[in-house]
Amino acid sequence: MTKTTADILAAASSAALRTPELAAELDAADDLASLRGEFILPTNASIGASLAAQSRPNESCTYLCGNSLGAMPKRAETLVREELGVWATQAVEGHFKHALKRDWLTAADLTHPTLAQLLGAEESEVVCMGTLTANLHLMMNTFYKPTAGRNKILCEARAFPSDQASPTLPSCINYAFASQAIAHGLDPKEVVIELSPRSGEFYLRNEDVLDAIEQHGQALALVLFPGIQYYTGQAFDMPAITKAAHSQGAICAWDLAHGIGNLELHLHDWEVDFAVWCSYKYLNAGPGAIAGLYVHRNWDEKERPRHAGWWGHELATRFQMPPHFKPIPGAQGFQQSNPSVLTIAALLGSLEVFKAAGGMGPLRRKAVTLTLYLERALQASTRFVRPEEAASYPDTGNPAFTIITPADPQFRGSQLSLLILPVSRHELMEQVFAAMLARGVLGDERRPNVIRLAPTALYNTFEECRYAAVALDEAFDTIEH
């Protein structure tokens, strides 16, 4: 019986974790290894990896930053070039008589079947459109309907800045939430409830979220969390939180910027009310790529788009521009303007790779093992400090690190966040990051003292994870000596 990567890793000894032989055995057993060839990855020379570029300038760098910007699929490049060609040769005729049978009029529709599969949704519940924060506002304008007795928004305190830390408010209030509250004549400091981790802990406990929902009960109008927390990589218990919010009569929604293309999702079965996402992280559709939104079909007969646009009008009469708006049933009725065909082409190219992988099931299985291998290789370092000891790590201690991402694979995505210690020495993180970059390892720095590493199942290898762990140790040695 052929051993899987999970079997091989489970049987590996601690002494073998950082050996090239184990990494090679894992890569040889990886059923999805060929997908790496579908991507164009930066080289050591192109990212300025001063040490790695001396001996391996044209080799791919160890790119562990897919949680910030996914690598470029070759198919995305091909499809974008094809659309530029159609624009050059057919111009406006590309809308209706596209030479490659991808009429611009319905280009977004081509993404919906695969997006629906990745989200665990029905096709009519999904639409490719807009940008993440614009879609978030669009959905909140539709679903956030505060009353005197039910007006609270429950969220996390460490949301992404588009969601948090409004410059006009003294506390870390979500940008979008704050502006929505103000638009309804409410004080964000009174209606936006932010949950923080317990003292000495790095991420929220799911039971604390459920307790908060029960505590605020009938006062909750909206519960909105990220599927995956961008800073720590924590994955929230989406079905349990959604069910709890509904039990109190609240709307439950999810920001899936770090969730789509990363986790297995079942939005329809979980009865999530709405969700929004971007496509430039794990969906690999390129910088500023077109985003999307989801609305459960339960709302089809209850909520009409409040900010109607002509692209959301039924296709049969759209170009007749009748006086009365007749929305496409489901999420696609929320479309406003015609979408960018070039960004749709890039997304389509990436979605073709997801289909070639067999969907999120195989990808998630690899991601769990890949992330676990990286975690174990990092923990083998003499610089590693257990998370429960990190809070008391002395300011005079030697440079070290801990992992602030949940250890349970069920509650994390393809990301490990490293907190550089001592936390009082903010310069250490940038020094470590620079030393890793010099060795050809490109992660993501979050000031003042976190480095995020995201092993992505579509294109990262076990050898790259091994190398990253070794490079981290070398980086610490460099800055210490």
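Cβ coordinates come from backbone N, Cα and C, glycine included.
Quick look at what TrEMBL lists:
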type	residues	note
BINDING	LEU132, THR133, PHE160, PRO161, SER162, ASP163, ASP255, HIS258, TYR280, TRP310, ASN338	pyridoxal 5'-phosphate binding site
DOMAIN	218-391	domain 'Aminotransferase class V'
MOD_RES	LYS281	N6-(pyridoxal phosphate)lysine
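Shown are the recorded positions LYS281, ASN338; the one with the most C-beta atoms within 10 angstroms of its own C-beta is LYS281. For the binding-site residues given as LEU132, ASP255, the lowest number of other CB atoms within 10 Å of the residue's CB is seen at LEU132.
ASN338 (pyridoxal 5'-phosphate binding site) and the residue listed as 'N6-(pyridoxal phosphate)lysine' have their C-alpha atoms 23 Å apart, to the nearest angstrom. Every protein chain considered, the tally of other Cβ atoms within 10 Å of the Cβ of TYR280 (pyridoxal 5'-phosphate binding site) stands at 23. When the Cα atoms are compared, LEU132 (pyridoxal 5'-phosphate binding site) and the residue listed as 'N6-(pyridoxal phosphate)lysine' turn out to be 12 Å apart.
Per-residue pLDDT, averaged across the domain 'Aminotransferase class V' (218-391), gives 96.
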